[in-house]
Amino acid sequence: LSAVERGIEGTLLIVICLVGFVGNVSLWTIILMRRVLRTSSNGLVLCLSGADLMVSTVNVPMTITAVINGRWIFSTSTCRAVGFLTMLTFITSVMSLGMISVNRFLLICHPRRFRDIYTPAKTGAMVAGECTVALSALLATPPLVGWGKYAYLPGQSICFCEWSSSISYTFFMVGMCFGGPCSVMTFCYVGIMREVRRSKKRKRKENQRQKKRQDDIRLTMSFVIVVFVFITSWLPFCVTMFLSVFQTNPIPRSADFATLLLGCANSCYNPLIYGVMNTKFRQGFKHLY
């Protein structure tokens, strides 16, 4: 890469890093400071936002360093550690979205069961968050012990899983991190849509109760958009991942790196989506700034 190209890539990554950091720190701040936002669903939002913060504070800065220097300047052990953290944040994001979809499905379709699982003390959400991170760490560990390999990928200037090192691990991860969670999300949100249509046909009772239900539905719609944006952001990256495994010709650097930029930019979007679509979040952001 020329100095100009490195400068452009580095600048784009710095913008993503700063916007993602400010947006997600703000999200944490308003959820923790405003009692009305301390809900079970938002406990899972914090788990998702925590993964985005990790992208902004660890993953992207390391990529910026590699882009500016034109190579990986740290040790192999550091590369493996960064690769593990990058995989961990990605899996945590996917699993968090899956847990959020279950949370919203129970709230809209099975409110009694929701109240049993997600207690006022947010125990259910906290346990779900802990399990999400624990499962993510478990799935990200195999390349550290020989099933797959974390290495520096010059085409994207990141340390991540070298998918061609283990096709079996590649298919395993696609099933566990896309097939499974996406199936759960599809089932939950289809169920929610059906319930929303049914609820519109019912006679309206108790205005206050109806208003709360409409608020829950609006928040659920914002989560649907979050899922859609996440898939849209990371799908090109996953396509290039598969091409790197099965295609002999190398993917052009510009296309390869563009998919990484699109994926990393996802860490910036969620605070914006909540701020635009949810009145309580919007009020929180206005209070903060």
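Cβ coordinates come from backbone N, Cα and C, glycine included.
Copied from TrEMBL, the annotated features are:
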type: TRANSMEM; residues: 12-32; note: transmembrane segment
type: DOMAIN; residues: 23-274; note: domain 'G-protein coupled receptors family 1 profile'
type: TRANSMEM; residues: 44-69; note: transmembrane segment
type: TRANSMEM; residues: 81-106; note: transmembrane segment
type: TRANSMEM; residues: 127-147; note: transmembrane segment
type: TRANSMEM; residues: 167-192; note: transmembrane segment
type: TRANSMEM; residues: 219-245; note: transmembrane segment
type: TRANSMEM; residues: 257-277; note: transmembrane segment
Tertiary contacts of the transmembrane segment (127-147) (same chain, 6+ residues out, Cβ under 8 Å): 43-44, 46-47, 80, 83-84, 87-88, 91-92, 95-96, 99, 103, 161, 165-166, 168-169, 173, 176-177
Selection from 44-69, 167-192, 257-277, the stretch that has most Cβ pairs under 8 A to the transmembrane segment (81-106): 44-69
Mean of pLDDT values spanning the domain 'G-protein coupled receptors family 1 profile' (23-274): 86
Close approaches to the transmembrane segment (167-192) from elsewhere in its chain (Cβ under 8 angstroms; 6 or more beyond its ends): 90-91, 94-95, 97-98, 101-102, 104-105, 108-109, 139, 142-143, 147-148, 161, 220, 224, 227, 231, 238, 241-242, 245
